[in-house]
Amino acid sequence: MAKVKKQNLKKKAKGKAGATPAKGAASGASAGGLVTNKKFGQHLLRNPGIVDKILNAAELKPSDVAFEIGPGTGNLTVKLIESCKRVIACEIDPRMAAEVRKRCSGTGRTNLEVRECDVLKEKWPIFDVCVANLPYQISSPFTFKLLAHRPAFRCAVLMFQKEFAERLIAKVGESQYGRLAVNTSLFVKVSCVCKVGRMNFTPPPEVDSMVVKIVPRYPPIEVDFREWDGLMRICFGRKRKTLRSSFCMTYTLKTLEDNYTTWCALTGNRPEKKSMKEKVLEVLGSLKLAEQRAIKSFALN
């Protein structure tokens, strides 16, 4: 009887030790004792080996201005201030911002500026290198803002959710190939630095991650990114349909017609008598793209 009670007590103790946190509760703690905030998608990178891989991929120079997003408790930041002329870190959580300031002040270096801000709303500085362990929920808008940033930077080394990163580096013809990959490959070259398992973070996210390196194409392609992105939205809205089908949708033709009318009014050009559908089919036909599908087109080297 005593033996049975002892076993039950052990089971209860084990159950408590492995208890799952209540739903919605913050989980995980930083080296400074700060509890991470799920609202900001905080998962602190705790593997120094991954930190070194990020820094090696960035190929930092003593003259560099580094732009870091989401420094957390400063595992990357302390290495950046040792290698760069200046580091500008954007942190949306005031607690983390205070922690990284405190940690870096202990190094005696004064080349760190911490901005408490939303990086998607903040006006970005001029920088040479960008490094980030991004909250997964801002991956797409952040990437598009990075692509549109001028003047061009030398490189960016970014931590993304693995699924998003795979879409970013997808090649023409692959199932994950889409607007994201086309927009990215037009302006930059993207390569995989390393894959990162979820247990390298505190608290562990529900998915694995990947570090990618982004290098702008040189010389830069002279095209308005917002106009190009609008074109890609049409092409990849139904990426398995033919481009003829995508461009001849009623809503798309009306949008193109409205834009064309506005352009003629602004430039003083006289509108052509051809319908917009005729113009679209003429252009697609001349490029032999009418029967092509977006998922198999737009390959860039």
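Glycine residues also receive a Cβ, built from the backbone N, Cα and C atoms like all the rest.
E91 is the residue from E91, E99, E163 that TrEMBL records in the S-adenosyl-L-methionine site together with H43, L45, G70, D118, N133. Looking at 1-29, 233-261, the range annotated in TrEMBL as region 'Disordered' turns out to be 1-29.
With all protein chains in the displayed structure included, the most crowded Cβ environment within 10 Å among the binding-site residues E91, D118 is that of E91. The number of other Cβ atoms within 10 Å of the Cβ belonging to G70 (S-adenosyl-L-methionine binding site), over all protein chains shown, comes to 25.
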